[in-house]
């Protein structure tokens with residue numbers, strides 16, 4: 001079966017053989033075959049085959065017809081001209097000028113030019129104005145050079161009393177060649193890639209132009225003869241074009257990022273200047289001078305277009321890095337600035353990143369509308385501008401999030417004070433929609449190189465710090481890897497903690513802080529876990545307890561602490577039958593359906609009565625699932641376990657849970673106790689809470705007692721139990737409960753009571 005590839009290959013072979021035979025016949029000193037056979041059959045036949053090969057490209061690939069068929073038509077027109085000349089015109093005496101063969105020859109140029117232009121459009125998806133001007137400059141420059149070179153030849157050929165028509169026809173051939181060659185050069189500049197398809201087309205047309213130029217010159221000096229190797233150049237040129245038509249033509253966008261692409265237009269400008277200089281000392285045709293001048297005009301247009309393009313690029317670049325609403329920078333600008341600044345940081349230099357989020361901004365949008373929300377964002381953006389200095393980068397990340405990058409700071413820079421000033425600027429009331437609104441920010445701070453030298457990590461660290469500030473209502477916070485569950489160190493700590501809980505729980509040691517009756521007797525202790533890490537030393541609970549909660553390790557950790565504490569309180573009860581131990585429950589443990597069974601099992605295994613154990617829970621934990629919490633707490637109370645509300649006063653529960661829950665103890669948060677001696681409001685809150693607890697039949701425990709004055713005032717108020725550094729810091733388990741308390745503190749409290757009485 002004959003395929004397209006085989007058919008085209010066969011035709012190319014026929015063409016190559018015909019051209020080679022034609023060349024051999026022209027080179028041989030003797031006439032082997034008649035001239036009619038050599039020129040009329042072999043030479044012209046090779047040209048016709050060239051046209052057919054190019055036309056078949058369009059038959060095989062309809063998408064290529066726009067360029068292949070015009071070029072094929074041009075080649076065929078030239079072949080028809082040769083056939084007419086050999087079979088008819090050359091036998092006329094005298095030969096007419098112009099002859100019908102001249103019209104066929106000249107028809108090739110405009111028809112082929114149409115094909116070349118169509119090929120440019122088909123081979124490139126997008127050609128910019130600048131590249132078109134580059135191609136025009138290259139085309140005009142090449143035309144000026146070729147015109148200047150062939151002008152003397154044309155002048156010699158048409159010297160004497162030739163008619164105007166004869167002069168125009170003689171000049172049309174080199175001008176047509178110059179036009180096609182210049183077009184190919186311009187097209188190659190437009191494509192900006194490897195010559196490929198157009199390289200072959202160009203090589204064929206250059207061969208053709210050389211043949212025409214040499215022919216014109218030899219005619220001018222009177223030495224041209226029919227039947228020389230020169231006659232083969234036209235057939236060779238057409239054969240090269242036909243071969244190139246079947247080379248791969250890749251469809252791709254024009255690339256403008258190659259500096260060498262400017263070589264052709266720059267060279268064309270220099271050539272045009274040279275032609276104009278030459279024309280000032282030697283006469284050249286007016287057309288050549290005008291083409292050279294047009295080259296410079298086109299080059300000037302290209303320069304202007306270049307300036308406009310640079311301005312457009314600058315504008316687009318600015319728009320791409322600007323927030324549309326506020327006019328501040330955007331996320332892209334922030335990322336680029338961070339990535340550009342991190343590698344060049346000098347020793348002792350710091351770069352601070354502040355992420356700023358507006359708290360409860362969604363409420364403004366939902367209640368007052370997006371237009372009012374936009375007004376608020378505009379005002380905040382304007383206020384933030386007043387807080388920055390030269391070199392700082394202020395951007396809006398989107399929504400109600402802003403970011404401030406402060407590079408080039410030294411070790412003395414107080415970033416927390418700066419964050420405070422920013423918060424103060426934002427917090428001032430904003431007048432919009434007839435209302436005075438107040439928005440408060442949460443600001444997260446990360447620092448390079450302290451926290452990271454990677455842009456992604458720096459952004460994440462600042463985001464973690466911002467979330468920390470929002471959760472704790474502190475307004476602003478610096479990044480703390482200990483509070484980041486996703487930091488590399490934190491992830492390593494989680495993995496180690498998981499392994500310890502499975503294989504070596506003895507690393508988790510339990511310390512005990514005494515709880516003392518203000519009558520002067522130690523009544524129990526709170527169990528507080530520590531991690532005796534083999535390489536990091538003693539790690540406090542703030543470093544890993546919340547991490548354990550976030551990673552589903554809390555049940556195992558609570559179970560270990562519970563069993564250890566029960567063993568300890570069993571020993572204490574040998575000398576003090578009323579001793580108790582308090583263990584903190586997590587929200588995960590409280591919501592565990594198997595908690596009651598776990599407690600029963602632990603008490604049984606330790607051989608301890610249920611009244612020796614006090615479980616501490618917080619108000620916030622109860623509100624996660626009030627119904628389930630209530631059910632679980634009643635079941636624990638039914639076992640005889642005492643229940644205590646820890647950190648009382650910091651949650652947002654109603655007083656109803658004190659009425660409904662089976663609790664026996666309230667632990668007033670340290671924030672109310674620490675300043676009762678100096679602050680009357682704190683003292684009033686403590687006094688009223690003590691009265692409330694007693695009216696409900698509850699024991700009141702005051703946390704954070706750190707001095708004798710506070711202890712004495714609490715006793716005077718009627719407080720039942722106190723806990724704090726004054727009575728003793730957390731320490732490992734002791735043989736007796738009395739040894740856990742600072743005896744001097746008890747003695748001091750007792751002596752003070754005797755003096756008072």
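Even glycines carry a Cβ here, placed using N, Cα and C.
Record features (TrEMBL):
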| type | residues | note |
| --- | --- | --- |
| TRANSMEM | 7-28 | transmembrane segment |
| TRANSMEM | 40-59 | transmembrane segment |
| TRANSMEM | 66-85 | transmembrane segment |
| TRANSMEM | 105-124 | transmembrane segment |
| TRANSMEM | 131-155 | transmembrane segment |
| TRANSMEM | 167-190 | transmembrane segment |
| TRANSMEM | 197-220 | transmembrane segment |
| TRANSMEM | 232-248 | transmembrane segment |
| TRANSMEM | 260-281 | transmembrane segment |
| DOMAIN | 349-484 | domain 'GGDEF' |
| DOMAIN | 490-744 | domain 'EAL' |
The transmembrane segment (66-85) versus listed stretches 7-28, 232-248, 260-281: most Cβ pairs under 8 Å: 232-248
Range from 7-28, 40-59, 232-248 with most C-beta pairs under 8 A to the transmembrane segment (197-220): 232-248
Surrounding residues of the transmembrane segment (232-248) on its own chain - C-beta under 8 Å, 6+ positions past either end: 8, 12, 15-16, 18-19, 22-23, 26, 43, 46-47, 49-51, 53-54, 57, 68, 71, 75, 78-79, 82, 196-201, 203-208, 210-211, 214
Helix, strand and coil totals (DSSP H, G, I; E, B; other) for the domain 'GGDEF' (349-484): 58 helix, 41 strand, 37 coil
